[in-house]
Amino acid sequence: MKSIHIDLGKDSYDIHIENGLLDRAGEYVRNLTKSQTLAVISDTTVDGLYGDRLEQALRKEHYNVRRIVFPAGEKYKCAETLLQLYQELSDAGITRSDYIITFGGGVVGDLGGFAAATFLRGVPFIQIPTTIIAQVDSSVGGKVGIDLPSGKNQAGSFYQPKGVLIDPELLRTLPLRFIHDGMGEVIKYGCIHDEELFALLEALDDETISGHWEDIIGRCCEAKGRIVERDVLDLGERMLLNFGHTIGHAIERCYGYGYYTHGEGVAAGMAMLTGVTEHMGLTEAGTTERLCKVLRRYGLPTDVQASADDLLRYIGNDKKKRGNRMTLIILKAIGQSELLPVMADELPKYIRKGE
Ligand SMILES: NC(=O)c1ccc[n+]([C@@H]2O[C@H](COP(=O)([O-])OP(=O)(O)OC[C@H]3O[C@@H](n4cnc5c(N)ncnc54)[C@H](O)[C@@H]3O)[C@@H](O)[C@H]2O)c1
Ligand SMILES: [Zn+2]
């Protein structure tokens, strides 16, 4: 069992990571709240696989459990689903002294977390993330929200959970494409913050990694937690988490969302940018080769067909651009990252490379 304390003053919380934790979720929730009623928000896939088990675990602690389920998929992370959630929370008689549990991937965490943040001006909530993306990224840091027709994650807020319960065994049912998608972010943490994690990933592969999830997820949460503690509102250091994302987002947009997964876009983005900065002498020699090798090991791309011009077209409206300055995140070496402010007109220098 691994526990990580996220120190955010009155908004502090703990992340617990343990194989089999799902069946003991009731005890952990009981330590956090004396309330009687819990609303568990989930999607159809996760509810179908694990909803009964979670309900049983919670009922052992005599909770009234109300399961609220919406269809799986990013397209349901929208205002219409949010309104339905409000209605169901209201029908269930949820009050501010009850708790909401978000049980699923990043979609459930973001949407359910935003419902928790805004229903009755805020109901406390607990995250039980079930994908790698959710276990290492979206459940930590307090960003919740929904997509709008005008763009992804365009309505949202910062709302910290009261706790995060991670059971790595739930990843056994996650399809390989989503595993690889999440590995894009896992490798990113190794790159920006944790060389030991990176070295561990170099030594494992798709088969052998499953015995190491507790350690790996713990290291990622630790990395994200420490960075978020120093920059809750994403005004400075938290930008390090965007390594690979400027080009990655451009790749996702250029091909249309869904062609490359987010993790695939980030993977190619990290490899391409590091190729450029290594060539410029800003990154230790040999870093790109190490990075590309590990990305390929987990089925991730190190390059895409799109030209520099194609990609630049989709970087123009990236939110990291402020005025005509932007901040790129680059590696000095594996495990060491830094912010590099660049003028927007210098950006073309940093786009491309790759093999
Ligand atoms: N809030 C943040 O800081 C943050 C960070 C990263 C990503 N996100 C958001 O997270 C979302 C992506 O997260 P995601 O990849 O987890 O998407 P997701 O929630 O759509 O999950 C992916 C798919 O896996 C299924 N699934 C979930 N757990 C499973 C399991 N254990 N076994 C089998 N199937 C399972 C889901 O039903 C879904 O079909 C995006 O909306 C993104 O914007 C938010
Ligand atoms: Zn990301």
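Note that the numbers count up from 1, one per residue, in the order the chain is shown.
Keep in mind that glycine also has a Cβ here, set from the backbone N, Cα and C atoms.
TrEMBL labels come from automatic prediction, so no person has curated them.
Annotated Zn(2+) binding in TrEMBL involves E185, H262 plus, out of the candidates H212, H245, H279, the residue H245. Under 6 Å, Cβ to nearest atom of ligand 1: this is the test, and of the binding-site residues G106, D110, T131, E185, H245, H262 it is passed by G106, D110, T131. D110 (NAD(+) binding site) falls within a helix when secondary structure is assigned with DSSP. Excluding E185, H245, H262 themselves, the residues of that chain whose CB lies within 8 A of the CB mean position for the Zn(2+) site are, in sequence, I133, D137, G184, K188, G244, G248, G263, G265, V266. Taking only the Cα positions, the spacing between V108 (NAD(+) binding site) and H262 (Zn(2+) binding site) is 17 angstrom. Just so you know, of the binding-site residues K152, H245, H262, the Cβ with the fewest other Cβ atoms around it within 10 Å is the one at K152. Across the domain '3-dehydroquinate synthase N-terminal' (68-178), DSSP helix (H, G, I), strand (E, B) and coil residues number 48 helix, 32 strand, 31 coil. A mean pLDDT of 97 is what the model gives for the domain '3-dehydroquinate synthase N-terminal' (68-178).
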